[in-house]
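Here is what Swiss-Prot records for this protein:
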type	residues	note
DISULFID	CYS79-CYS89	disulfide bond
DISULFID	CYS100-CYS119	disulfide bond
DISULFID	CYS103-CYS135	disulfide bond
SIGNAL	1-20	signal peptide
Amino acid sequence: MKYLLISLALWLGMVGIHGTELELSETQRRGLQVALEEFHKHPPVQWAFQEIGVDNANDMVFSAGTFVRLEFKLQQTSCFKKDWKNPECKIKANGRKRKCLACIKLDPRGKVLGRMVHCPILKQGLQQELQESQCNRITQAGEDPRSHFFPGQFAFSRALKHK
């Protein structure tokens, strides 16, 4: 019975880790790369972190480019942050975990128009409202503010011209 429970726990652990992985599009992969670079530039971060799972990935096409929203988890490795791209960096078993929200706006050539990456330590929880407002600002990066039309906008303009 003991072996059955251990086997079940190991299997559930594997399904939990690998069963929820999302297949990312090329744009989403680029957004994740930008987010990881931005995270490792942050001065308080001293250790390298590796992505251990993507919970949610969305992208929307706008006139100025593509907006990518990613929710993913990171875990601390045994390497310093300058070596974060090193494939030999191993995840620390009791390393700190972070849950990240990244909002990236890329132009059609892949240039970054705007970015917001927030990765609190997992036990801190997310400050959802603040992050959402920051994410909404990134959504509009590079867009022409005059390209948004409001109901009745042209009806009033025409009525004024004919007088």
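Cβ coordinates come from backbone N, Cα and C, glycine included.
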Using DSSP and three states only, what is CYS79 (disulfide bond)? strand
Rounded to an integer, what is the Cα-Cα distance in Å between CYS79 (disulfide bond) and CYS119 (disulfide bond)? 18
Report, as a single number, how many Cβ atoms besides its own are within 10 Å of the Cβ of CYS103 (disulfide bond). 24
Distance from CYS135 (disulfide bond) back to CYS100 (disulfide bond), taken between C-alpha atoms, in Å: 12
Same-chain residues at least 6 apart in sequence with Cβ under 8 Å of the Cβ of CYS119 (disulfide bond), in sequence order, are PHE39, LEU74, ARG98, LYS99, CYS100, LEU101
Mind checking which of CYS89, CYS100 has the fewest other CB atoms within 10 A of its CB? They're the disulfide-bonded residues. CYS89
Euclidean distance between Cα atoms of CYS103 (disulfide bond) and CYS89 (disulfide bond), Å: 26
On the three-state reduction of DSSP, what should I expect for CYS100 (disulfide bond)? strand
With every protein chain in view, what's the tally of Cβ atoms within 10 Å of the Cβ of CYS135 (disulfide bond), excluding that atom itself? 17
Neighbour count, 10 Å Cβ-Cβ cut-off, for CYS79 (disulfide bond): what number do you get? 18
